[in-house]
């Protein structure tokens, strides 16, 4: 019998690559409820982003702050995916 280490996930439980960002968020918070709430909030942000953009001008070409925020979001997802693997 080998005691389980709560900080290391067994190899057979690794999620698919497209869930790794969410897995990193879930594992980063020690409280189970807090991790689930953070995971739900991160997915909710992804669903709400298109609904919050109500401008008539849809392009980000003339919005440098929006471009920076978009690429920051992309970088965060990539870093969380890398950390989650």
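Glycine too: its Cβ is placed from the backbone N, Cα and C atoms.
Note that this is a predicted model, so its numbers are computed, not measured.
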Would you mind telling me which of 4-23, 64-83 TrEMBL tags as transmembrane segment?
64-83
Counts of helix, strand and coil residues, the domain 'Cytochrome b/b6 C-terminal region profile' (1-85), according to DSSP:
57 helix, 0 strand, 28 coil
